[in-house]
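Peer 1: Dropping a structure here in structure tokens format, bear with me for questions.
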Amino acid sequence: NTGSPSPTEALNLSWRLLAVVIVIFAAQAYNVTYIMLSPRITTETDSASENPFHSLAAVDLLGHVSDNANLYYLTWLSECLTLALCYQTVTATVRAYRAVQVFRRDSNLLPATSWYILSSYEDEESRHAWYQSVYRLRIRTGIWTAAFLTCLVITASSQFIWKEVLWPYATSDDEEAAASDDAVNAGDDDSAVQENEAQSSAQDYMESLRGLHFSVCQTIVVNSDGDIPVAMCRRTAMAWLAGVLGMILSATAIAIHWVGRTTSTSNGGTATPTASQANMFRRLLDNHRVPLGAELVLSIIVLILLGYNAFLTTSIQGPANNVGNLYYASWLAFLMLIRICLGCLEEWYQVEEGKEPTGGLTSFTQRSPTKAAYEAPSIMRDPLDGNGDEAAPPSQNHSEVSDTTSKSNNSLVDQFEKDRVKRLRTYFCLSIFSTICAASAHDAAANEEEALNKVQRYIILAPAIVASISLILFILCLSRRCYLVASHFCVGGTLSVICFGIWMAD
């Protein structure tokens, strides 16, 4: 059979391909887990120091990139590609399943029931309205899913550092303290007293071990000898908590998306809605602002949480001060939440690209083609009387002129919206990253023992000024009226030049 496969055959092929991709993804996930959780140990007493190939050496105990950087980056690259392939295969399988359902439903209909047939123009407009109603939702669903997986990496990396580095360090300090106390007591007391005190010290040591999980950071602060930064334990625990909360909130956003898409499909969001469904679809789009508002609040909360986590974990005393699993995962999750939050703000304030109107079926009802009325010449009029009536253009010429004028106006509006979208995104990103730079500079200054000079103070103050100016310009770009002020060179241009000069001097 050289023709295209039927919907049922396409669904069966999709199921088989999905099974193969899931097996590949599981194998690749096990590969990543084994490579990233098998660090190269470099202690003097371990045999790994004698044999450098005892471990794959992709990461060290803190999850930083170790000797074998090629293995590290290629492993994560293959995992990301496998995940993308799995996501696309799942999407194709879902579409094939829906195609089979539509095919079966249409096959059961009698020809007499198809009494209403949409024209090609109405069908195209209805499909466009449905697509625009869920397109942005679908993109953000994928980003939320990626953010969920990235938060999972943050949690696993923090747990690994806690288990393999912080816990052994704290327990070794307590063991040394208990041994030194026993040695001192053994030289001063008799054997009976030694046994009693040894038992009591052992009991105290066991009790301290029971509560050690909650006092590891205090133990490291008291017994720190410079090998591990004092703030590292607290920031590792905060990274673990941020990863867990990020996963929970990301799963909540994914559930909101699923409910929104299901409602969109069941209430008038079919591929070919009739004209009677316009009011229902319009109400659906209006009510869509309620889950959009919840998603906007969630994205802002997770953005602040992951931004604070990325700043602390990747700073000087953080567990991810060098590039590695926790470093990349923290910043990647933060960047994805920036994109989600910006997308929610753009949709909430109805910031469009300006290419296609996205008003749903409202735009469909308003954009229906209208034919200009043409008046036939009167039989009572003499075409040779020289009055010039016959030279008057028909009314459709006026419609052509009005169409040309409307097209030029639409092109100006489209260019206006495109510029506003670009500047809005630029100012938002500049404000976020300038804030991170200011916080990082302040954290570095906090570790300095000497007083800061003027240059160091300027390095801290300059990003804060740029972040404040960018935030003001971003807020102005959210409104069309306020954007007229921000787009003026005396305001937006002058402030942008000031920000550029501040960064150049920094």
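Don't overthink the numbers, they just go from 1 along the chain as shown.
Keep in mind that glycine also has a Cβ here, set from the backbone N, Cα and C atoms.
No curator has checked TrEMBL annotations; they are predicted automatically.
Feature table excerpt (TrEMBL):
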type     : residues : note
COMPBIAS : 394-410  : compositional bias 'Polar residues'
REGION   : 384-410  : region 'Disordered'
TRANSMEM : 15-37    : transmembrane segment
TRANSMEM : 142-162  : transmembrane segment
TRANSMEM : 237-259  : transmembrane segment
TRANSMEM : 290-311  : transmembrane segment
TRANSMEM : 326-345  : transmembrane segment
TRANSMEM : 427-446  : transmembrane segment
TRANSMEM : 458-478  : transmembrane segment
TRANSMEM : 485-505  : transmembrane segment
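I would like each feature placed in context: is it buried or exposed, what are its neighbours, and how far apart are things?
Peer 2: Remote same-chain residues near the transmembrane segment (427-446) are listed as 307, 310-311, 315-316, 338, 342, 345, 452, 456, 459-464, 466-467, 470-471, 473-474, 477, 499 (criterion: CB distance under 8 Å, separation of at least six residues from the stretch ends).
Distant neighbours of the transmembrane segment (458-478): 345, 349, 351, 420, 423-424, 427-428, 430-432, 434-435, 437-438, 441-442, 445, 452, 485-486, 492, 495-496, 498-499, 502-503, 505-506; these residues of the same chain sit at least 6 beyond its ends, with a Cβ under 8 Å from one of its Cβ atoms.
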Peer 1: Could you pull out which residues elsewhere in the chain have a CB under 8 Å from any CB of the transmembrane segment (326-345), counting only those six or more residues past its ends?
Peer 2: 62-64, 76, 136, 139-140, 143-144, 146-147, 150-151, 153-154, 157-158, 161, 239, 246, 253, 292, 295-296, 299-300, 302-303, 306-307, 309-310, 313-314, 319-320, 351, 425, 428-429, 432, 478
